[in-house]
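K.L.:
Input: one structure, supplied below.
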Amino acid sequence: MDELKKLAGVTAAKYVKNGMIVGLGTGSTAYFFVEEIGRRVKEEGLQVVGVTTSNRTTEQARGLGIPLKSADDIDVIDVTVDGADEVDPDFNGIKGGGGALLMEKIVATPTKEYIWVVDESKLVETLGAFKLPVEVVRYGSERLFRVFKSKGYCPSFRETEGDRFITDMGNYIIDLDLKKIEDPKQLANELDHTVGVVEHGLFNSMVNKVIVAGKNGLDILEK
């Protein structure tokens, strides 16, 4: 599957042209996209400016010699390529399994052409089997946890090596084990209006193309 993920990443890189501002995604498939952009910068003289979606991707891009700018310094991104944890037939998705959902959404929002690269296991009829990440400020997070629990959202604080996971922005993540999300837009609206929630992993109707790596090769889905 790694070879197919690599092929998906390389294919996505073909949408990147000279002079573009490019959003550089995070995750196992987006990794290959960033690697290919780095190769083209070095070997073909590709001239682009990258905007990264995580500290991990920043380190990768710098190591490859890709020029970078902060999201603060740009108004429009030409193309962003990123991964996703689930994608439904309406191009709604869940992201944030790697913990970078806030930066990913900040980069996705001003993007003209937003592309996801995924393997075929990420295509689902209904979102929710993958736990929905919700990034929350630390202050009041225990109360917020109880609110989610009272709603039957089966929350859990994300942990790493026995300690609470802390995002690149210094926040906690509460994962919601919802099993099935019948109305992603309604849930997104609810979370958007919940005090203490910084961002959530529902990316509804944001993506333009999904490049799918499957056992039979690549499939490019478009709206």
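Every residue gets a Cβ built from N, Cα and C, even glycine.
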K.L.:
Out of Lys112, Lys122, Lys149, Lys151, which is the one Swiss-Prot records at the substrate site of Thr26, Gly27, Ser28, Thr29, Asp82, Gly83, Ala84, Asp85, Lys95, Gly96, Gly97, Gly98?
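P.N.:
My reading of Swiss-Prot gives Lys122 as the candidate in that site.
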K.L.:
Give the helix, strand or coil assignment DSSP yields for Asp82 (substrate binding site).
P.N.:
strand
K.L.:
Any idea which of the recorded positions Thr26, Ser28, Asp82, Ala84, Glu104 has the thinnest Cβ neighbourhood at 10 Å?
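P.N.:
If we count Cβ atoms within 10 Å for the recorded positions Thr26, Ser28, Asp82, Ala84, Glu104, the smallest count is at Ser28.
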K.L.:
When you average the Cβ positions of Thr26, Gly27, Ser28, Thr29, Asp82, Gly83, Ala84, Asp85, Lys95, Gly96, Gly97, Gly98, Lys122 for the substrate site, which other residues in that chain have a Cβ within 8 Å of that mean position?
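P.N.:
Apart from the listed residues, the neighbours are Gly25, Ala30, Val118.
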K.L.:
On the Cα atoms of Thr26, Gly27, Ser28, Thr29, Asp82, Gly83, Ala84, Asp85, Lys95, Gly96, Gly97, Gly98, Lys122, which are listed as binding substrate, what is the maximum pairwise distance in Å?
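P.N.:
Across Thr26, Gly27, Ser28, Thr29, Asp82, Gly83, Ala84, Asp85, Lys95, Gly96, Gly97, Gly98, Lys122, the two farthest Cα atoms sit 16 Å apart.
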K.L.:
Could you check which of the binding-site residues Thr26, Ala84, Gly97, Lys122 is the closest Cα neighbour of Glu104 (active site, proton acceptor)?
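P.N.:
Closest by Cα distance to Glu104 (active site, proton acceptor) among the binding-site residues Thr26, Ala84, Gly97, Lys122: Thr26.
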K.L.:
Give the helix, strand or coil assignment DSSP yields for Lys95 (substrate binding site).
P.N.:
coil
